[in-house]
Each structure stands twice: as structure tokens, then as C-alpha cells.
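Feature annotations, courtesy of TrEMBL:
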- A:104-398: domain 'DNA-directed DNA polymerase X' (DOMAIN)
- A:165: active site, nucleophile (ACT_SITE)
DNA sequence: GGGCAATACG
DNA sequence: CGTA
DNA sequence: GCCC
């Protein structure tokens, strides 16, 4: 367990230090292990008031910028069969190749495809959205500028229709459907709504259909669950639309060598955090209270998790997920909560289809003639080894 | 044509 | 079922 | 929307 703790990157921000202090002053829990995915420690100093943000409607929103708008040298489409780039791992399994957070090549193309993916997602077309996800991941990992649609179509995950869009892009420098979305009221409003914690595409569209166009209107008129109401109220704090590309969620995975110590641990912890004024009190008046008391039960093992919002001494708020796991779940838990989402889907897909290994964030099982045999995964590296794929640093899992 | 990750919680 |  |  110590090895794991050391191998996991830890963010150096104030509240982590506070946590350490808390930990060292609390001998009851001297063996709890914080584990963190690599998260950029950026934060927004909001210059706008919360009310102003909640009242924004689509025309007031900061422009839907392309992540990148490179001066693309228009590449000649005519000349055919460019070979696929050497060294590119051309597979439908994203987990087999490194994928950077910010690609060096094909950046505008990726930005445009991301808009189309989001559109499919907001239109509740999850399978099409997934297809775009696959193609985008492959292109992000592609080691040079794509020269022609013929070349693009050799990439597994890029089929006929997307190759056609890429062809247009290489000729005109854009993809019309995607470019239009940047100024599309419905698209941008649905995007805004679905950024609220607790709101997915169904709710976002419901609000749109009811005629709401700003979060303030929603807040004033719709009957909301306590959680969603809270999500809206906290939205300005978490707003990251200006100048910020990185999201600051933190997951803490907590485990103990003496699982009996963990009974009520989250409860005690949250009580202390409230005492120290790290937590936003409002939260605990809402639905979350149920979750906490629920976790108090001895609940014979497995996963315990809840989402919370923490207000560190800096005054900046972040979403923090606390996850308590059994010691033998630690490896798969870290792997499972580190992401990216697409990486998790990919590695689970590969494990099952290629190795008969069933993987989730609690365990890995080998399936052989109808029986399931459990394997204990001690670390991320362990998991990669057992599945038989090369280890990837977390910062290269941006599929 | 079938399948697309997998599971907990309200 | 919707969301994380 | 794409792969097998």
C-alpha cells in the first residue's frame, strides 16, 4: 500500500496540506492512504458575480471557441494513398497507445470533431457519440498531420462518413456542421445546462423544452431536487468557461489495513471537515445527508462513495469525491477512478474480449468455463501486467 | 446485424 | 430511469 | 457511426 501511495501524483495545493495536517493529528486513522489522479491545480478567480453568470443566456456566453484554430496549410487531397504514419498503434483499443492531453497535430480537426461528438451526445445518440470518441482518440494519438482523407480512413475508428468530413476539412479548413454549432442557441444552451452537477442530457433538454434559457430562469421556475438546486447555486464557483480548460475534480481513494477502522470513517471525517469549515454547510442540509448516514452502516464491505464539495482555505471550491475501499480493491480502484472515461471503457473492453478478464473498479475476474476466479490487483502496474498490455502513465490516458 | 464498460445510488 |  |  505504501508503494501505491508513493507512486501516485499528489497535487500541491493548500487543502492537501491541510489534509496532511489533519491526518497527522489524528492517530485513529494513521494508515489512510490518499490517492490522486493527476489533476491540474488551476483555479478560476471569478470576476463575475454568481448572479451574472446564472443570468447568462446563449448570446452572452463567452464564445464557443475552437480549442485550436491553427493556420492549417491546406493539404492537397488529390494525391492518394499516403501510408499510415509509422509508429502509430492502429487499433480499436485506445488503451494500447499513449494519448496526450493536448495533441501536437490535427488540433483544429479534433476541435471540430469534439463539437460534433458533443452534439450527438446532447441529442441523445450515445452510440454515434461513442464513434466520434473513438475517432477523436485515434486522431489525438496520431503522430503527424493527416495529409488526406485516404490516409485518415486507414485509421481504425475513422470510417467512411468521417473520412468524408475530414476530406472537406482538408479542402476548406472547416466542417460546416461543426462550425455552425458554435453559434447555435440550442446547442450552447444545452451545453450550459448539462454542465450543472446533477444534470444530464435528459434534464437539460427538458429545461430547454420548458422554455428556459438561463440557469436563473430554471432556478426561479422549475421544481428542482435539492441536489440540482445546489448544483446550480454552486455553478458559478465551478464555472470554468473563461481561460480554463482543465477541470479540477479530485478523487480521494481511502483504504485501511484495518477495515474495522473504516466503519463510520467517512462520517467522522466529514464531521471534522465541517468543524474546520472546509465544507459548504448547505450541502449537508440537502440530499447528501442521506448518503452520509447511509454510509454509517457497517455495510459489509465493497464500495462506499459519496460526492462532496469542499471549500479550502483559499476560498476556492472544488468537487471532491471520497471513496472508501477494501485494501484488496485498492489497485483496481485507483485504475478505475483515474480515467479517462474512454480509457476505462477501452481497457475493460480489451481485457474481456482479448483475455477473458472481467474488470471493474472493485476487482478483476478471470472467466473460464462458466466460473469466475478473482484476482487481487495490488497496483495499476499490476493490472496492466495481468492484462498483458504496456503500462501507460496516467497523463497519457487522455483517450 | 450485434455490440459498443460497468456499477452504485437516489 | 438518470447521473456520476 | 464504426468494427468485426
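Just so it is clear, glycine is given a Cβ too, placed from its N, Cα and C backbone atoms.
For residue A:165 (active site, nucleophile), applying a Cβ distance below 8 Å and a minimum sequence separation of six or more within one chain yields A:113, A:116, A:175. According to its DSSP assignment, residue A:165 (active site, nucleophile) is helical.
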